[in-house]
Amino acid sequence: MKVLLIGSGGREHALAWKIAQSPLIDALYAAPGNPGIADHATLVSLDVEDHAAVIAFAKEKAIDFVVIGPEAPLVAGLADDLRAAGIATFGPSKAAAQLEGSKGFTKDLCARYDIPTGAYERFKAAEPAKDYVRAQGAPIVIKADGLAAGKGVTVAMTEAEALAAIDDCFDGAFGTAGTEVVVEAFLDGEEASFFCLSDGKTALALATAQDHKRVGDGDTGPNTGGMGAYSPAPVMTPAMVERTMKEIIEPTISGMAKDGNPFSGVFFAGLMITAKGPELIEYNVRFGDPECQVLMMRLKSDLLPILYATATGTLDKVQAEWRDDAALTVVLASKGYPGAYDKNTPIAHIPEASEEAKVFHAGTALKDGKLVATGGRVLNVTAFGRNVTEAQARAYALADKVEWENGFCRRDIGWQAIAREKA
């Protein structure tokens, strides 16, 4: 099988690494890819926003299957255009990708189909949103409706913080993503990420993970795209997974189909496990970044036939087998992230991978043959262990061998699970 992978982040490096191991693979291309992905795939300098160019390349190379990694091309309808050209594609349609592309769309779906989630209101102007906040009080959550690279959500612990977040959205801090705002109830509990495939009819539960959104140790500082993750998430017991499937995922699949937007691809449900049970915080319509890295480390099965079955409506014919081990990833980011940071800082050394640990590339590039950091989140150091404690020790041991002066990381990834393991 000839496969084209769209994307250039740590998530796509993990997908490329896993897809390349498949005995079914004849050729793997990645557009645009990164220097880490180049170890597993032929890099193609395609502009993925130019759908006609992507289709032309796929036809020229007789590509059998396209896997779309990031959310932006999905929300832009790349999967629709590829499928219309007769090319099997992993990833939802533009209409179904609204589950991630619009927070309000998802909340309205939850309201229609009785999916547990926090109470909410949608606003297109600042003043009514502020009136609502004053009436509700804090803590309260303010979300830019559209795609904001994981940074459009403010969990406001005070009313003043909530009002400032509303101003940020309507003053253009998140571009067009903030032209509408969702204000929702603060949910108290433990967060978890749940991943599940759907071909529009069948659902296949994958695995659970826990992400670390805030930039600083002890979950302090501003939100980021994610500073690290581990899998499995202990809070997601088999009973909780079953409830999540029954109360959240299955009604979403049937609801989307009923509304004329059948969903094919991966559901990444951001959940809050409250006293009542699982409640939906948000949906993403692609593998998490950095959660994908820990999922791929734990997946025993060949990934390629599972993705292909999702794309071709035959998900009921495949299964996914997982290692019992835990996996943990630590994000190395550029100093200053998620604010302003220096670009093109040199990365002097990346340590060799072992059976237990490896480094995935995210925001890296080659400049004059030398590896440099081009993004905010740059490397993902990922390791296995019998438990999270062991996986964490291995990940930090490898992370400390990376030679990059402008990099930093959180030192406490996995702290909640480790506290549980010690107890």
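Here the Cβ of each residue, glycine as well, is placed from N, Cα and C on the backbone.
The domain 'ATP-grasp' annotation in Swiss-Prot covers 107-312 and is backed by sequence analysis.
For 133-193, the entry in Swiss-Prot reads ATP binding site. In this view, Ala173 (ATP binding site) is surrounded by 15 other Cβ atoms within 10 Å of its Cβ, with every protein chain counted.
Sequence annotations record features per position, and here Swiss-Prot assigns Mg(2+) binding site to Glu282, Asn284. Note: Glu282 (Mg(2+) binding site) has non-local neighbours Glu100, Lys103, Thr106, Lys143, Ala269, Gly270, i.e. same-chain residues 6+ apart with C-beta under 8 A of its own C-beta.
Across the domain 'ATP-grasp' (107-312), mean pLDDT in this model comes to 94.
Val181 (ATP binding site) falls within a strand when secondary structure is assigned with DSSP. Taking the Cβ of Met157 (ATP binding site) as centre and 10 Å as the limit, one finds 12 other Cβ atoms among all the protein chains shown. The closest partner of Asn284 (Mg(2+) binding site) among the binding-site residues, by CA position, is Ala165; the full candidate set was Val133, Met157, Ala165.
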